[in-house]
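Trainee: Provided herewith is a single structure, encoded as structure tokens, for subsequent inquiry.
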Amino acid sequence: MASMCRPSSRRVTAMPMPVVALGVAMVVLASSATVARGQQLKMGFYAASCPGVEQMVGDYVRQHVRRVPTVAAALLRLHFHDCFVRGCDASVLLNSTGGNVAEKDAPPNLSLRGFDFVDRVKALVEEACPGVVSCADVLALAARDAVAAIGGPSWRVPTGRRDGTVSSMVEALDEIPRPTMTFPELADLFASKGLGVRDLVWLSGAHTIGIAHCSSFADRLYGYAGANNGTDPSLDATYAANLRRRKCRAPLAGGRPYAVDAVVEMDPGSHLTFDLGYYREVLRHRGLFRSDAALLTDAAARADVAGVAAGPEEVFFQVFARSMARMGAVQVKTGDEGEIRRNCAVVNGD
């Protein structure tokens, strides 16, 4: 799931948008992850210290996602990029300092959105329960509730995460999946997080509500090594021609890398609907990233893609929810590790 759900700019703005039909499917799944310290998270962690916090987060997220459905992809991608660097510890939310460039300023994260949204949710929580609820838990809950708010699955999110105090651009460059990765590279990276091949396949399904910048896949359209027409042969030729003509114009000689770095729906026609469209497009060789096409290069992964695409939507919801629960427990900090940040963008005391 390389560079998951690439929104077009960093900030979420409250612009009127069409209301998306809800119809949420609640999937009650406990995480079976064996990742580091994940077992120390628990349901209802804040039942005594901040009762009602999950309802508070959910109400705010639902209210805004109904007005601006693109918030869902932004929050989901933000959570994913956080968990893949130092675990799910909200380190992606930290600002750079004079002596350190933080994760959010790494090239793969420059198109992340949702920072101000998380800040607003955190401010509400702080007003109700000062210094109690971590930014990492706020982000994990908000991502879950945003997916549910656009009609996708929900899943159980055990809480008790603590916030990290270290954020490194270099680590983000090393740890965040890239859209150019091969299947073995992706599988190895996921394995390093305690996630399996099926988690890779199901989490890639997040692209059903994502968009991508032309610059992240234009190497498949122009000058592809070994291709007579410069186009990646694993990309549907008709689709590639349409992208070149309508969305991603040819590079400018001696100028900017691409004439217009436009955005393209990962799941054309239904990028605001959490559905099976992404997998069906991948099977038609219309996945935008090389990492999407890579899912078809492994026999087991291809069989899973084909199986879920042909099945009922509820099956995808269940497996996606299970993998999200597993990812949300990756290398979490608990107990006396880390801190509870009052402001998600800075380490306490800075």
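For all residues, glycine too, the Cβ spot is worked out from N, Cα and C.
Grabbed the feature section from TrEMBL, which reads as follows:
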ACT_SITE  H81  active site, proton acceptor
BINDING   P177  substrate binding site
DISULFID  C50-C129  disulfide bond
DISULFID  C83-C88  disulfide bond
DISULFID  C135-C344  disulfide bond
DISULFID  C214-C248  disulfide bond
DOMAIN    40-348  domain 'Plant heme peroxidase family profile'
Trainee: Ranked by the number of other Cβ atoms within 10 Å of their own Cβ, which of the disulfide-bonded residues C50, C135, C248 ranks first?
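Mentor: Counting Cβ neighbours within 10 Å, the top one is C135.
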Trainee: Rank the disulfide-bonded residues C88, C214 by how many other Cβ atoms lie within 10 Å of each Cβ and give me the one with the fewest.
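Mentor: Sparsest of the disulfide-bonded residues C88, C214 by Cβ contacts within 10 Å: C214.
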Trainee: Looking only at C-alpha atoms, tell me how far C50 (disulfide bond) is from P177 (substrate binding site), rounded to the nearest Å.
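Mentor: That comes out at 35 Å between the alpha carbons.
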Trainee: Give, as a single whole number between 0 and 100, the mean pLDDT over the domain 'Plant heme peroxidase family profile' (40-348).
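Mentor: Mean pLDDT across the domain 'Plant heme peroxidase family profile' (40-348) comes out at 94.
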Trainee: Nearest to C214 (disulfide bond) by Cα, among C83, C88, C129, P177, C344 (recorded positions)?
Mentor: P177
Trainee: Can you figure out which of H81, C83, C88, C135, C344 (the recorded positions) comes closest in space to C248 (disulfide bond), comparing Cα atoms?
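Mentor: Out of the listed candidates, the nearest Cα belongs to H81.
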Trainee: Quick check for you: of the disulfide-bonded residues C129, C135, C344, which have their Cα within 10 Å of the Cα of H81 (active site, proton acceptor)?
Mentor: none
